[in-house]
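Notes for the one structure printed next.
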Amino acid sequence: MAEPLLVVGLGNPGPNYAKTRHNVGFVVADLLAGRIGSGFKAHRKSGADIATGRLAGRAVVLAKPRTYMNESGRNVGPLAKFYSVAPADVIVIHDELDIDFGRIRLKFGGGVAGHNGLKSVAAALGTKDFQRVRVGVGRPPGRKDAATYVLEPFTSVERPEVPTICEQAADATELLIAQGLEPAQNLVHAWA
């Protein structure tokens, strides 16, 4: 039997961060947990909250690190080891400043573009070669600091679109699992 895929939604714990741009990974992970009919529970050995089940015919471990974003690898590394998941079988769902608001992009490996959550995961896995579901939050307006921007709630104009965007990111994750990177990219990257 194949080892499970590890699907990690990045975010910050606690209600103060729940509706921020940086937490779209958590929102998508919650949607995926609903799709597999599983709730999150604490995983003692890793410190993350996990839900297990099947997505697109594959065994998956969904995870939400309980550390702050910049230390996500502290939970992801031990989880990957515990479940014997190779880095290439890790899918990280995260916010992306370099993609326009509402766009979803799939990627394998490459740089971390200043995203400290990705940097922490890459350090814990010992490689940047893992799969990513990138949820576009766009660049901050004017001269606003990017670190401040991602920790702010979505604007009143953006907020009504967020549930649909997160559902699309969950759909993209399922396509990635079902079809592999290139076929899923061809479909997802064509979405308006």
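In case you wondered, yes, glycine gets a Cβ from its N, Cα and C as well.
Small disclaimer: the values here were computed from a predicted structure and weren't measured.
Annotation source Swiss-Prot lists site 'Discriminates between blocked and unblocked aminoacyl-tRNA' at Asn12. Per Swiss-Prot, the feature tRNA binding site maps to Tyr17, Tyr68, Asn70, Asn116; the stated evidence is sequence analysis. Marked as active site, proton acceptor by Swiss-Prot on the basis of sequence analysis: His22. Residues or ranges marked as site 'Stabilizes the basic form of H active site to accept a proton' by Swiss-Prot on the basis of sequence analysis: Asp95.
Sequence features annotated in Swiss-Prot and their locations in the structure.
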{"residue": "Asn12", "record": "site 'Discriminates between blocked and unblocked aminoacyl-tRNA'", "Cβ within 10 Å": "22"}
{"residue": "Tyr17", "record": "tRNA binding site", "Cβ within 10 Å": "18"}
{"residue": "His22", "record": "active site, proton acceptor", "Cβ within 10 Å": "23"}
{"residue": "Tyr68", "record": "tRNA binding site", "Cβ within 10 Å": "17"}
{"residue": "Asn70", "record": "tRNA binding site", "Cβ within 10 Å": "13"}
{"residue": "Asp95", "record": "site 'Stabilizes the basic form of H active site to accept a proton'", "Cβ within 10 Å": "22"}
{"residue": "Asn116", "record": "tRNA binding site", "Cβ within 10 Å": "17"}
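Each residue contributes its Cα atom, and for Tyr17 (tRNA binding site) and Asp95 (site 'Stabilizes the basic form of H active site to accept a proton') those atoms are 13 Å apart. For Asn12 (site 'Discriminates between blocked and unblocked aminoacyl-tRNA'), the nearest of the recorded positions by C-alpha distance turns out to be Tyr68; the candidates were His22, Tyr68, Asn70, Asp95, Asn116. Asn116 (tRNA binding site) sits 11 Å from the residue listed as 'active site, proton acceptor', taking the CA atoms of both as reference points. Each residue contributes its Cα atom, and for Tyr68 (tRNA binding site) and His22 (active site, proton acceptor) those atoms are 11 Å apart. Asp95 (site 'Stabilizes the basic form of H active site to accept a proton') carries a strand DSSP state (E or B).
Residues Asn12, His22, Thr67, Met69, Glu71, Ser72, Gly117 surround the recorded tRNA site, their Cβ atoms falling within 8 Å of the Cβ centroid of Tyr17, Tyr68, Asn70, Asn116, which are themselves excluded.
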